[in-house]
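Taken from Swiss-Prot, the feature active site, phosphoserine intermediate applies to S62. The Mn(2+) 2 binding site annotation in Swiss-Prot covers D12, S62, D441, H442. Look at Swiss-Prot and you will find H123, R153, D154, R185, R191, R260, P261, D262, R263, K333 tagged as substrate binding site. Marked as Mn(2+) 1 binding site by Swiss-Prot: D400, H404, H460.
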Amino acid sequence: MSKKPVMLMILDGFGIAPKSEGNAVTLAKKPNLDKLFEKYPTSQLQASGLAVGLPEGQMGNSEVGHLNIGSGRIVYQELTRITKAIADGDFFENESLKLAMTNAKKTGSSLHLMGLLSDGGVHSHIEHLRGLLEFAKKEEVQNVYVHAFMDGRDVPPSSGQEFIEKTEKMMAEVGVGKIATVSGRYYAMDRDNRWERVELAYNALVLGKGETASSATQAIEKSYHDNKTDEFVLPTVVTENGNPTANIKNGDSVIFFNFRPDRAREITRAINDKEFAGFKRETLDLTFVTMTQYDKTLERVNVAYTPQTLSNTLGEYVSNKGLNQLRIAETEKYAHVTFFFNGGVEKENPGEDRKVIPSPKVATYDLKPEMSAYEVTDELLNRLDSDKYDMVILNFANPDMVGHTGVVEAAVKAIETVDECVGKIADKILEKNGCLFITADHGNAETMIDFSTGNPYTAHTTHEVPFVWVANDTEGKKLSNGKLADIAPTMLVQLGLEVPTEMTGENLIVNK
């Protein structure tokens, strides 16, 4: 018997904004999306700030977006959780953080604070570094070193100097800390098993080897001189009298202050895992603390803020009702439609199939804006013909990953590629008398020029995202505006299921 699948398609980084020369969404020729937006009920969803459990005015991101969509409720984000703990003072009583402080103090070893130096709020926040410096001062830790990972993606591409200055000022005010290394996130925060990049960051952090500079400021200046923006700063060791200021040694304490897991795992494994095989290196004996749980299977790490458990997420609930579901994406967004969508749970639910299509191996995605969208589409169409699935969750990575490059023409091509794929998928779902919801997790590709400077804008945005309901039975109905947390309840109603009490989102389908 033919199933009537209820499908959610997430166009990653596809926000709503007025037409402009920096809006790849409106510049793109997208006949399929235009037709669907015109013919079927559409509304707008909030995907940033308080509506997704982030601080007010904070841009959304993929992790947060998928958590909110998949759980059907506003999820209190780690950024907000940690910021609140610092403000309340609970932060300074955190047992795992205290463990790192005590070890460094008791043994006279060093305390290393490593993480993304930015106020982007996607992977980290510079105010959390301030909290750690204040904690170290309070605990009278003498040798405190900062290993700065430079951003340039969630903040402007060349804003690194400003964050270095901010950190230097912060350390002077608090009275503790020195910057020991500077590395672009391209190296220190890879998530695609490109161990040759990670190794360069590791060498700077642990061996004190790599590019050298007499100060963090000089490291950034040197990088800009070589036309490398923050993200691509080669791992650089800051020296004093020709020697490394500090490197991570046996017996030291390390606190990794990134709170988002996906780009923190590889360097953490490289430093800690005994069985690590990415490249040759010594295993150190450290007191290593991660701000949040990066991965349950990580060895020899302490977690400062353990995960909040979310029950009755969309995937779990549908599984408990005996329905089959498919999660499909390419590598770059696979964790988002699985781990994050399931509320931070790695294991799949019974009846949940997963398919990852490898992302292309290119240095930056403007070189191949199609990414693996066609392959994802072909795989999905084949699977829809199996009539196995009641629910399908798909993510197209293109608008976000190409949007991050700042190359408008490439982002336009990315969206045109996705539009072709949308057309084929919508036809197939309608043919099966199913229903397709199209949305995004946050904005990005709709704002690619910073008009105050004329420079490329590579970060996410606070714009609303579209919500479209494509089905054969939409006559006389419309969609209300809402937030990402309203998607799951809306889908459950289409699946003919009750909405569980844990889901505080609302069904957005209303009669006209």
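Cβ coordinates come from backbone N, Cα and C, glycine included.
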**Message:** Measuring Cα to Cα, how far is H123 (substrate binding site) from S62 (active site, phosphoserine intermediate) in Å?
**Reply:** 11
**Item:** Chain-internal residues near R263 (substrate binding site), provided their CB is under 8 angstroms and they sit 6+ positions away
**Value:** H123, R185, M189, D190, R191
**Request:** Whole-number Å only: compute the distance from the Cα of H442 (Mn(2+) 2 binding site) to the Cα of S62 (active site, phosphoserine intermediate).
**Result:** 7
**Item:** Max pairwise CA distance, angstrom, over record-listed substrate binders H123, R153, D154, R185, R191, R260, P261, D262, R263, K333
**Value:** 18
**Request:** Enumerate the residues of the same chain, D12, S62, D441, H442 excluded, that satisfy the criterion Cβ within 8 A of the mean position of the Cβ atoms of the recorded Mn(2+) 2 site; list them in sequence order.
**Result:** I10, G13, A47, G60, N61, G65, H66, K333, H336, D400, A440, N444, H460
**Request:** Give the sequence-ordered set of same-chain residues, not counting D400, H404, H460, with Cβ within 8 Å of the centre of the Cβ atoms defining the Mn(2+) 1 site.
**Result:** D12, G13, N61, S62, R153, P399, M401, G403, H442, N444, A445, T458, A459
**Listed recorded positions S62, D154, P261, H404, filtered to Cα within 10 Å of D12 (Mn(2+) 2 binding site)** = S62
**Prompt:** Listing them in sequence order, which of the binding-site residues D154, P261, D400, D441 have their Cα within 10 Å of that of S62 (active site, phosphoserine intermediate)?
**Reply:** D400, D441
**Request:** Between the Cα atoms of H460 (Mn(2+) 1 binding site) and D441 (Mn(2+) 2 binding site), find the distance and write it as a whole number of Å.
**Result:** 10
**Fill in**
Per DSSP (three-state), H123 (substrate binding site) is coil
**Under 8 Å by Cβ from P261 (substrate binding site), same chain, sequence gap 6 or more** = E63, T292, Q293, Y294, D295
**Fill in**
Within 10 A of the CB of H442 (Mn(2+) 2 binding site), the number of other CB atoms across every chain shown is 28
**Prompt:** Given the binding-site residues D400, H404, D441, which lie close to D154 (substrate binding site), meaning Cα to Cα within 10 A?
**Reply:** H404
